[in-house]
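A.B. asks: Per Swiss-Prot, the features are:
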- E171, R217, H448, R489: L-aspartate binding site (BINDING)
- 195-198: region 'Aspartate' (REGION)
- R217, D218, E219, Q226, E482, G534, L535, D536, R537: ATP binding site (BINDING)
Amino acid sequence: MRTHYCGHLNKSLAGQTVELCGWVNRRRDLGGLIFIDMRDREGIVQVVVDPDMADAYEVANTLRNEFCIKLTGEVRVRPESQVNKDMATGEVEILAKGLEIINRSDVLPLDFNQKNSEEQRLKYRYLDLRRPEMSDRIKLRAKASSFVRRFLDDNGFLDIETPVLTKATPEGARDYLVPSRVHKGSFYALPQSPQLFKQLLMMSGFDRYYQIVKCFRDEDLRADRQPEFTQIDIETSFMTADQVREVTEKMVREMWQELLNVDLGEFPVMPFSEAIRRFGSDKPDLRNPLELVDVADLVKDVEFKVFSGPANDEKGRVAVIRVPGGAELTRKQIDGYAEFVGIYGAKGLAWMKVNDRAAGVEGIQSPVAKFLSEDVINGILDRTQAESGDIILFGADKANIVAEALGALRLKLGKDLGLTKEGTWAPLWVVDFPMFEEDDEGNLHAMHHPFTSPLGVTAEELKANPAVANSNAYDMVLNGYEVGGGSVRIHNAEMQAAVFDILGIDAEEQQLKFGFLLDALKFGTPPHAGLAFGLDRLVMLLCGTENIRDVIAFPKTTAAACLLTDAPSIANPAALEELAIAVTAAKAKDAE
C-alpha cells in the first residue's frame, strides 16, 4: 500500500511519485490550498492539496485529525523561505494527486496538544502510543533489544528459552501462581527470573547463554518497577567475575555509543561498604557531589544523647552532609527536609549553618550548638571542610536508618538545589556485597539470592561466621539506578547446602524445593557466573524519562492493573470449579 514512510522523505526524492499511509496529524486551509501534516511511525511530512486536483481536494475537505488515510503524490522541494528546520522532512512537501480515506476517527478521548492524565493515557494506550514522543521511545527500545542480540550473538552467546510455568522458589518477592487443572491443588509459579534454569544450562555444557525474557514479581510497585518486566539474562561458565563484568560493561558502553553517540568511559569499581559510607546507598548517583561524612568519634563524649547514644552503639552511626551554599535554606525548607527523612525512620534533622567560618563557633547558627563543645564543632567543620555559607545536616540513629535517610536526602538536595549534573552519565560497579543481611529479629537473609557464591571462604568458614562474609556479587549502577546485577554462583553441593542451612532451610525443605539443583551439583558442575539487566530500566535511561511505564507498550498501573483491558478480572465460575478453586475473598466481599 505504501512506497515510503513519511519521515523518510527528503530532497533526493524530488520529482518522484510516492504512496504514503498514515494519519492526519493536523489539517489547515490557507488561501484556497489545504495543508495536511501526515504522520506515521517514522515522522511527519507536509502535504499540499491544490484545488486543481478536484478529487483529492474534495476528500481533503472532509478530513479531520486522526483519520487514517492513503496518499499518492509528488515530492517537491520547498522554497528556501518555506523550509521548516524543526521537521526532519522540512525541506520537502508532497503535492497530492490522489487521496483516500481508509478509516474515519471519532473525536479522540485524548488531547495531544495538552497534558493528559496518567489514567486516560493508560486506558487509551493505543492512542497514546501514536504520539511521536511515545513512538520514539518504543522504537528506541526495539533498537536496544536488537543491539543486545547482535552483541551477544557476536560474542558466542546462545539464545536459549527457559520455562515460564515453573516451580516456586524463594527469590525475594511473592510469586504469581498458576493453578494446574491436571494436578488439582498444585500450582505453577511464573518465574521471577530464569536463575535456576540458566545455572542448569551451564551444567548442560552451554557455556554462554542469554535470553531477553519476561519475568514476574508480585510486589509493591514503584516508578521503576512493574509486575511483569523484561530481563536481559546472561550466564557463563569458566569465566571469572572480572571477565563477566568486562563483557557486560562492553555491551552497555557500545549500546550507549551506538544509540546515543555517548562514550560512557571505563566504569569505576566501588566496594559496597564504601558506597554505603560515602553515599548512604548501594546504587549511588555519582553525578551528585554531596557525600556523607562520619563524625561518631567526635561526638562520643558529648552530653547530647541524640548524638552520643548512636555514637557509642556498635550498630549506630552519626554522619553529616555538608551542603555548599545551604545556609540560605529557610527554616521552613529545613523543616520540610526533616519531615522527608522521617519517611525513612529518622527522628529528626539537626542542622548547623556556617555563616562565618573564620569566626569559629561565633559564626555558627544551630539549635544543637549549645550541646557541643568548641572543639567538637571545630572538629566537625574541619572534617567536612565547611566554608562560609554552607549548612551541615546531621543523621544519628541505627546505621541502616542513617544510611537510608541521609542517602535519600542527598539525592533530594542534589535535585532541589541543582547540584546534580543533569544531562551527564555516571556509571560504576558496586562489588563485595555482604553475603547475608540481618532482619529486625536477627535472622539472616541472602542479600542477593541463595545461589550466590561467598567470596574467598570455605563452607566451614562460612558456617562459622556467616554475618561477616562477603559475596562474589556485583551490580552495575548508572545515574543512581541499579541497571544490572549478578554474581559468581555456587557450583558445589556442600557450599550450597551450607548456605541453605544458614538461611534456616532444613534438609527436608532443601530436598523438597531444591532437590533437583542439589542433585545436579553432584555431576561435574563447572564454575559459572552471570548477570541480568533490567531492559525496561536501561531503556528508561536511554530515553531520559524517570518512569518505566513510559518505555513499555502496555504497562500496568501502580496497583498492578491494566486500565486498557480491565485486567485482572473475575474468573469464570465454571473454570474455577474445574480447577477446584474457591475464591473466598470474593465470597466474603459479597456477604458484606
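Indices start at 1 and increase along the chain as displayed.
Glycine residues also receive a Cβ, built from the backbone N, Cα and C atoms like all the rest.
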A.B. asks: List, by number or range, the same-chain residues at least 6 past the region 'Aspartate' (195-198) whose CB is under 8 A from its CB atoms?
C.D. replies: 162-163, 166, 169, 171, 209, 211, 233, 235, 449, 451, 517, 530
A.B. asks: Between the binding-site residues E219, E482, where is the Cβ count within 10 Å the lowest?
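C.D. replies: So among E219, E482, the binding-site residues given, the one with the fewest Cβ atoms within 10 Å is E219.
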A.B. asks: Between E482 (ATP binding site) and H448 (L-aspartate binding site), what C-alpha distance do you get in Å?
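C.D. replies: Distance (Cα to Cα, whole Å): 13 Å.
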A.B. asks: Which numbers of helix, strand and coil residues does DSSP report for the region 'Aspartate' (195-198)?
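C.D. replies: Grouping H, G, I as helix and E, B as strand yields 4 helix, 0 strand, 0 coil.
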A.B. asks: Max Cα-Cα distance in Å among R217, D218, E219, Q226, E482, G534, L535, D536, R537, the residues listed as binding ATP?
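C.D. replies: Among the residues the record ties to ATP, max Cα distance equals 19 Å.
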A.B. asks: CA-CA, which of the binding-site residues E219, L535, R537 lies nearest R489 (L-aspartate binding site)?
C.D. replies: L535
A.B. asks: What Cα-Cα separation, expressed in whole Å, is found between E219 (ATP binding site) and H448 (L-aspartate binding site)?
C.D. replies: 16
A.B. asks: Looking only at C-alpha atoms, tell me how far R537 (ATP binding site) is from R217 (L-aspartate binding site), rounded to the nearest Å.
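C.D. replies: Computed Cα spacing between R537 (ATP binding site) and R217 (L-aspartate binding site) is 15 Å.
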A.B. asks: What is the separation, in Å, between the Cα atoms of H448 (L-aspartate binding site) and L535 (ATP binding site)?
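C.D. replies: The Cα atom of H448 (L-aspartate binding site) is 19 Å away from the Cα atom of L535 (ATP binding site).
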A.B. asks: What does the structure give for the C-alpha distance between L535 (ATP binding site) and R217 (L-aspartate binding site)? Integer Å is fine.
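C.D. replies: Each residue's Cα considered, L535 (ATP binding site) and R217 (L-aspartate binding site) end up 15 Å apart.
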A.B. asks: Let me know the DSSP-derived helix, strand or coil state of R489 (L-aspartate binding site), please.
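C.D. replies: Where R489 (L-aspartate binding site) sits, the three-state DSSP reduction gives strand.
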